[in-house]
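Per TrEMBL, the features are:
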- 47-503: domain 'Major facilitator superfamily (MFS) profile' (DOMAIN)
- 122-143: transmembrane segment (TRANSMEM)
- 155-178: transmembrane segment (TRANSMEM)
- 184-201: transmembrane segment (TRANSMEM)
- 213-231: transmembrane segment (TRANSMEM)
- 243-262: transmembrane segment (TRANSMEM)
- 333-350: transmembrane segment (TRANSMEM)
- 362-383: transmembrane segment (TRANSMEM)
- 390-408: transmembrane segment (TRANSMEM)
- 420-444: transmembrane segment (TRANSMEM)
- 456-475: transmembrane segment (TRANSMEM)
- 481-501: transmembrane segment (TRANSMEM)
Amino acid sequence: MADSNPLLSEINSAESAPPVLHHKHLPSLDSRIERFIGDFGWAQFLQAFLVSFSWFFDAQQTFITVFTDAQPTWHCTQLNDPHNSCSSASNVCQLPQNSWAWDRPRHTSTISEWALECSPSLVQGMPASAFFMGCLIGGLALATLADTSLGRKNMLFLTCLVMSLSTFLTAFSSNIWIYSILRFITGFGRATIGTSALVLSTELVGRRWRGQVGVIGFFCFTLGFLSLPAIAYTQRAHSWRTLYFWTSIPTFFYCIMVHFLVRESPRWLFVQGRKEEAIATLEHIAPINGTTTKTPLTSSFFSNLSFEQETRNVDVYSAIKVLVKRRWAFRRLSAVMAIGFGVGMVYYGMPLALGSLDFNLYLSVTFNALSEIPASLITVVFIDKVNRKTSVLVFTSLSGVFSIMSVLKGIHPIWTTIQMLFELVSFFSACCAFGVFLIFTIELFPTCVRNSAVSLVRQAVVLGGVFSPMLAAAGRVNGRFLSYGVFGVVVGIFGLFVVCLPETRGRGICDTMDEEEYKQRDSCLYNAVAGAV
């Protein structure tokens, strides 16, 4: 039965594949699509922007627990009592309950509403960890559906819908356990939002603009992250439940827009054998560009392409099987997943650990969110000018060094500001590494498995996020080295895996595993000849 699947049987017939020179004479799907729609136009921009805006809501749910589960400030209530041992440096768990009180109403945080201030750090960080665990399991369970049966658009719609509904129900949680379960469901639902949006938006444009369009999602994620401290500050006297309510309603209306306005990826439709739908999508995009072709846009216009060798109807997990069985693909996948784990621990962990710094929480979160803007700008401007490998290595190294430096303490009051600057540089570097790293991953894998590969890599990033809440909680109690120190060591070490990957700057993306393998062989042959000369 396995051999009846062309995508799987191609692994066992690599030696019978067409010669490299024969393959090179076949036009690629990428070149044919670019010939018709051009590199870029307003139609692609509007589609890419609408798809990428899902990252706005993704960011809100990713970091919302920074405020809803924050450790509230408190004060002593019996300062004139000589027998009262309460002070600002005291541990509330060792004080009588009538000797202290919260600065704000109990319902402003889950910690104070459910009396979790003396619970273990594992319990306090459980909702955030449950969210990332849901992201991890959801990503693994849904990883290949966007490449196979559902497609990019339907996957984006369904995941946004699940995230919206579960977020709305979270506002009605009655205890920490129900709250954690609903956060798990939210994470499960949003697991493939970023992947589907990133892949769909970049597959709508030509290679020249692919990097810039991919960064639109990072801008939207930054805006969503930046909206959180603004919403939280305006609702600081209200219940934490209002944050979930006001972030769920806009997401639901966005789902409706996706369903009616977003077009499916023409590249995915062609690979699936649905040529007529792909042509309809291209015709919808091309007129707005003012692009005309002398050749009528029919199925014959896309005949004799190099991707024809591969299957249109694969089972859900065949893409992952191909990635594992092809040696070059497995080597790439292992390396990028290792890098993703290190980057994810810093990227998700640093905002969650901001409560351990002696700095205003709203300002520190705002500064972290703002630092993503220059990070995205740098990625947009230099994505076509710098090597992917060098960029990832430099940014992960900087992030690791400055994360460790933020652990250092000083007696001068200005040291609090210096620590915040160190943290910002580390987070900024992680943001730059994350942006370049995702574009790098897209370029490393062909269309038939790209969504699956990117999804698996994002799950490695999320796996780093699973450990972040526990490390952040431990850092608040036992010292910042257990949070920022560990973050720095991990991202610095795992970032070194980038040396195992090939450089992809300036080259076109492939549509099939065979096409990618032929291109790799051509590159090796060219390097061998050049070296001999």
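Along the chain as shown, residues are numbered 1 onward.
Glycine is no exception: its Cβ is also placed from the backbone N, Cα and C atoms.
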Intrachain neighbours beyond the transmembrane segment (333-350), with Cβ under 8 angstroms and 6 or more residues off its ends: 62, 132, 323-324, 368, 392, 396, 399-400, 403, 423, 426-427, 430-431, 433-434, 437, 440-441, 444, 453, 456-458, 460-465, 467-469, 471-472, 483-484, 486-488, 490-495, 497-498, 500-501
Recorded stretches the transmembrane segment (243-262) and the transmembrane segment (155-178) touching, at least 3 CB pairs under 8 Å: yes
Stretch of maximal Cβ-Cβ contact with the transmembrane segment (390-408) [cut-off: under 8 Å; candidates 213-231, 362-383, 420-444, 456-475]: 420-444
Stretch-level contact, the transmembrane segment (184-201) and the transmembrane segment (362-383), CB cutoff 8 A, at least 3 pairs: no
Range from 155-178, 362-383, 420-444, 481-501 with the greatest count of C-beta pairs under 8 A to the transmembrane segment (213-231): 362-383
